[in-house]
Amino acid sequence: MDALHNGKTWLIALLVITGLLVPIFVEDTYLRHLFIIAFVYGMVAASWDLTLGYAGIFNFAHIAFFGVGIYATGLTAKVLGVDPWMAMLIGGLAASAAAAIVALPIVRLKGVYVILVTFAFSQLVLQVVISQSSITGGTQGLVRVPTIWLPGYNFLRDYKLGYYYVAFGLLVATTVCLRCLVRSDFGLSIKALRDSEDYGVSRGIPIARQRLKALVASAFFTGMAGGFYVLYLRVASPEIFDFSTASLVLSMVLVGGTSSIYGPVFAALVLTFMSEGLANIDNFAEGRFMIVAVTMVVVLLFFPKGLASMLPNGFGEKTPEILLHRKRRIAGSTDHAE
Amino acid sequence: MLETNDNQPLLEVRQVSRRFGALVAVDRVSFSIQKGEIFGIAGPNGSGKSTLFNIITGIPFPPSAGEVFLAGQPIHKLRPHQISRAGVLRTFQKDAEFATLSALENVYASAVYCGQMGSNEARVAAQQALDDVSLAAERRTKAASDLSVFERKQLMIASAIAARPKVLLLDEPAAGLTRPETSDLADLIYTVHGRGITIVLIEHVLPLLLKVSEHLMVLNHGAVIASGKPEEVVRNPVVVAAYLGKREAGL
Amino acid sequence: MSLSKLCTSLALAALVAATPANSQDKIAKIGVLAPLTGGSAADGNEMVNGAKLAVDEINAAGGVAGYQLEVVVGDTQNQSADAVTSAFERLAGDRDLNAMFTGYASGSNFEIEMIAEQDMPYLIAANSAQTRDIIAAHPDKFPTVWSLTPSYDAYNTAMVPVLQGLETSGKLKLTNRRAALISSDNPYSKSIMEGLKKSFEDAGWSVTSADLLPFGEINDWRTFLAKVRQDNPAVIINTDYQPGNAAKFLTQFLEQPTDSLVFIQYAPSVPEFLNLTGKQATGIVYNLLGGTLNTPKNPRAAEVMKKYNDNYGNEPGTYGALLYEEVMFYANALKKVGDPTKRLEISKVIGESHMQIASGMLSFDPNTHLAVQGDNAIPIQFFQIWDGKRVLFYPHEYAEGEFRMPPWMKQ
Amino acid sequence: MIMVDMLSAILVSGIVLGSGYALMASGLSLVWTTLGIFNFAHGVLMTLGAYVAWTISSGGGLGLGLAAGVAVTVAALIGAGILIERVVVRPFYDHRDILLITVMTTLAAMIFLQNGIQLIWGARLKQLAPIVPGTVQLWRTTISAQETLMIVLAPIVLAALWLFLSRSRIGRGIKAVGQNADAARLIGIDVSRLFIITFALSALLAGLTGVLLGSVRLLTPEFGSEPLVKALIIVIFGGLGSLGGTIAAAYLLGIIEATLTFFIGIYWTPSMIFLLLIVVLLFRPQGLLGKVVR
């Protein structure tokens, strides 16, 4: 155990150092850009895993939280002239506030009904963004958002070196925070509730409060990621709420492996680079997505626990469960008859 | 909490009912349990036994009407997790443990959240509780779903006593056990009782119920049809009719 | 694509390679940003086709300034900010790539800023309001970005005078001075609807409704049409520009037509619209700014459209022709400057050039970097559809036919 | 009179919408009740059906006879349904997170098919010729004949489906499997065969929906996305677990949508519907028509 654990610690240290060294060897701005985007999606996917994987909440509003972060940061930075760094934090807080609002109805709901409410909430957010076009720019989007700054440093003329390190720093911080959360007593309690709601409550775990906390925390990190996203790209536009964004990030969570945090981050890198690698092939726009789709299925076929199960000290939750309990678990057990 | 005087019942249930539409699953049931008692509840299938546990603990729903007091304090208005924290813990008839967590984590979580202990204290309490139910040390790091049926019963009881409850509601703990295991379970119940925990037991396996209960209550169609000393209750013609009638219908 | 085309291009390539060009093997890459997957893929494919058509033609003629051109495509997918930026960065990372072209790459045109920061020549052919909003404040900061689409102001102002002209000449009989407007919530349609509302009201008309629908697929126009039937306005205007929606609008209008002139923004110019609606569309009026000016007075348009049709077997919409012209326009500038890496110089030449293209006489306004609009520049064109054909009836100097009363109106 | 006109307009438009929704959701609901998964490729199966029909109908130029056309479409859809079950659903039956995993794998199937459709048929808009042309006057409201066909066909198809499920041996088997797969296996039902039949049937329903919608709407490779989302909402909202609930929810949602559209306009209708969904679930956490199981 200890040896394995040490091995893992070393591996993580090695990965962090590699991450820090990448820009020294990769001078190409395109590749640096891909890393930055993969880091952002890594944050979104890993924080989604907190609610989806650990807490077992079928939260389909995560991309809406990301969008809330994007617009909150973009608007405060551009319209109110708030310092962009501060605005990024506001993005995280705004996303958390949105999550708290969603939590009100869904802490009472079971299983798949959560999908419906969270999905409906996403659509409401999108509708608000589009309809308030005098503020948000509507379908046209919000352009010329000011970017982050440091005294004496120009982020726009350094071939994305600065953005790379900021994104990497945010990713490492997010991952560390999320790992700490899931290993804490709080993490234990949300996993407990995921495994068995009623039993969790019978052991004194306040279900509504823990779910609220999980949603708020998960949204905070994705909101921060959204904040960075808008400051980096300098535009906020409603396409981010598209079904395709949600399915991209969802694929990162599931291909990476739920309940692992590292898995989704890893998958974000793999999928981003793979998809972009295929984009280089001429006349292959459709084929690119077909190949990515096939890869997803193949990964899930051979690693149903996701890529995370290839990591050392894998997260080997045992599998064999029977068909019998399947639907009840999904729909949420409402059957307490004797 | 106020100090309890010795004559006050530890758990008192007054006129609780639970309806589902037109169906009355529990019909104005009242009883009270003294501290230190082992209180048995019997009744044919569908007589409302588990529903009674559900509405006492609020998991997953409170009573439609009626009141529940713990040491003189009303608890039926509390949230379910608060009822647990107040000291009324239950087990479930079906497997309900935290399947992906280890046995130790299962018990630890209960000590932290229900017992509201700090993590060091909770860790000690968890090991102690597992010792009490004599779950083998090497099994404690296994995921709960990897444990045997009996080990899961041990685990469920351990996770309850780690939280130092006042009352433990056991919902058909012998379901799915072999005869020798059932007798081990009886010993386990005595052990828990020996820790000063009041026990309410629903059981289908009548010999076990009769063996351990000091007081027996029988439900039929959601209502109490008899209550008293076990050996007297089982001779009550109403009870016999309820069970026999059931059996005949079943045949 | 087809084998024969492959053979021809291989043969051409061999021929070009064989000719002792002054500087053989020199390649100048050009980037095309286009949505190739997702809802706008039809437009995107057309953009790429248009650019490739121009490149093939230029290369077959021996290249330009000693360079063979090569198209590199960046898929902007659903036009989300990261997809557009990824596509841009991928193209921009190539040192041999020194110019970019698009119809539209994003809804906001935000990429203009990052492209200008790299001094990359960028020709764009849509969303001119967004382009103007970004550029007009500091035109000097965007020396490389030029829009083939003129300002959309004429969409707001040209309609009322044209209708009055038709009435005066007796070709159009309107029973009242009421107009009903509807739009979907996108900046293009919404601002046109608002502009039209104002210009109708300024001319003494009453606008009976000006409804806004959510942007996207709209299958049910009946609620709006029911209201219209009560008010019975002389003019009905739909500024939503999506051809699918427009086709449905028309079908549902014709279920119970009113005695009104029906105007649909942009959509009837897309080839599918005619395929979808067929004879039903007879009588519909639309106008177009910066679209193909296909009249005998501007033979360039017919020429480009024929080339496109010969190559790809279907008629191009706006973007096929415009991307072809963007590349041609760039090639002319490259020819003058001689070196594709002199990006700023090329852009300067582009900004100062003028040329007859498929949509009219192209030159740029130095203050907004938009194409100059006007009857002698890029004109606004009014069309009426008749028997599956588009009849240009305004401006008169280009007109190829007359306006006629639509079949559902009382003659 | 205006009142009557208004009511009939709302009713007709609501029933048209509801018929479409019921057709969209029935196949999805069938797979959900039987296998306990959501098939995200359901929408793209509608698209596939419509495109295949377009190709073999005169519009696509192939011009096969009607019978041959129907046969090809049916075969293509059954094939696609079985393929999806085999490749992206079957391998995960025993998985703990089967719902989540199959969300992903069926989503992957959707992406694959959608892009495949674009590759084969291109991205340009297409329209299926209506099966019945012209318009029909219904309670003083005019709608296209094709929509009338949908209004008539939807209940027939759904009734046939209900008869199949409750009367035929296979249908009863499917229902039994939906209630308890293990128990069904114990009494000798070939569960895996029924899963395949369920998928094939669901794909067929999707294809039929696609063909009917395809001549009312316009075809693009993304044609099925919006119906998929609507169907998902209806299946969940209807209260999980019964075809009847799904169908009732479909018509109810159609009428609500038509009413809202009439009174507050199309712009805010989607938002209002979503708000309504949230509010209803606050008071009925088990869905609109789901029963509280005690």
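From the backbone N, Cα and C atoms, a Cβ is placed for every residue, glycine too.
What TrEMBL annotates here:
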TRANSMEM  D:6-23  transmembrane segment
TRANSMEM  D:30-54  transmembrane segment
TRANSMEM  D:66-86  transmembrane segment
TRANSMEM  D:98-123  transmembrane segment
TRANSMEM  D:143-165  transmembrane segment
TRANSMEM  D:194-219  transmembrane segment
TRANSMEM  D:231-253  transmembrane segment
TRANSMEM  D:260-283  transmembrane segment
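Segment contact holds for the transmembrane segment (D:194-219) and the transmembrane segment (D:30-54), given three or more CB pairs below 8 angstroms at sequence separation of 6 or more. Comparing D:6-23, D:66-86, D:98-123 for CB pairs under 8 angstroms to the transmembrane segment (D:143-165), the maximum falls on D:6-23. Nonlocal intrachain contacts for the transmembrane segment (D:231-253), taken as residues 6+ away from its ends with a CB within less than 8 angstroms of a stretch CB, comprise 14-15, 17-19, 21-22, 24-30, 32-33, 38, 42-43, 158, 161-162, 165, 178, 273, 277, 280, 286-291. Distant neighbours of the transmembrane segment (D:6-23): 138-141, 143, 147, 150-151, 153-155, 157-158, 205, 208-209, 212-213, 216, 227, 230-231, 234, 246-247, 250-259, 261-262; these residues of the same chain sit at least 6 beyond its ends, with a Cβ under 8 Å from one of its Cβ atoms.
Distant neighbours of the transmembrane segment (D:30-54): 24, 60, 69, 72-73, 76-77, 80-81, 84, 88-89, 98-99, 102-103, 106-107, 109-110, 113-114, 117, 120-121, 126, 128, 161, 174, 177-178, 194-195, 198-199, 201-203, 205-211, 213-214, 219, 221-229, 231-232, 235, 240-243; these residues of the same chain sit at least 6 beyond its ends, with a Cβ under 8 Å from one of its Cβ atoms.
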